[in-house]
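Accompanying notes for the structure given below.
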Amino acid sequence: MGLSDGEWQLVLNVWGKVEADIPGHGQEVLIRLFKGHPETLEKFDKFKHLKSEDEMKASEDLKKHGATVLTALGGILKKKGHHEAEIKPLAQSHATKHKIPVKYLEFISECIIQVLHSKHPGDFGADAQGAMNKALELFRKDMASNYKELGFQG
């Protein structure tokens, strides 16, 4: 399940492109998530009122939250699989406070892949997509494992 050094390099190379515009990427990821999986919007009290894509694009709070999500994910990816210290508090809050099911982590992972592919096609070919899929799968697996320890069946 682990990634090779070369795969991690592919992940981190494209992540460098994300970091050039974290708020823009984060906003686009969340908009794709909410439009493609409207049920996920119910977990976000401060975004529930946003019905149209235009309203979502105009929301500074949504942009800020997108930046928070991708900043946290970037910190995890940079650990190259040695991310237990970063995952534990994230799993704790997502299991006990926010009650975010693992399925929703799958949904947002798909959205991240889609956004990277649309924004960076030259830097996100099949090899990079495969590596990012593996990295996000590792993240989800470790989140799910922590959820289980916390007794959350999400």
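Using the three backbone atoms N, Cα and C, a Cβ is placed for every residue, glycine included.
Model, not experiment: these values are computed from the prediction.
Swiss-Prot annotations:
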type	residues	note
BINDING	His65	nitrite binding site
BINDING	His65	O2 binding site
BINDING	His94	heme b binding site
DOMAIN	2-148	domain 'Globin'
MOD_RES	Ser4	phosphoserine
MOD_RES	Thr68	phosphothreonine
Exercise for the section: For Thr68 (phosphothreonine), write down the residues of its own chain that are at least 6 apart in sequence and whose Cβ falls under 8 Å from its Cβ; none is a fine answer. Expected result: Gly26
Practice task
Using DSSP, break the domain 'Globin' (2-148) down into helix, strand and coil residues and give each count.
Solution key: 118 helix, 0 strand, 29 coil
Problem - binding-site residues (His65, His94), the one with most neighbouring Cβ atoms at 10 Å - result: His94
Handout entry: CB within-chain contacts under 8 A for the residue listed as 'phosphoserine', separation at least 6
Key = none
Problem - Average pLDDT across the domain 'Globin' (2-148), rounded to a whole number - result: 97
Practice task
Could you measure between His94 (heme b binding site) and His65 (nitrite binding site) for me? Cα positions, answer in whole angstrom.
Solution key: 14
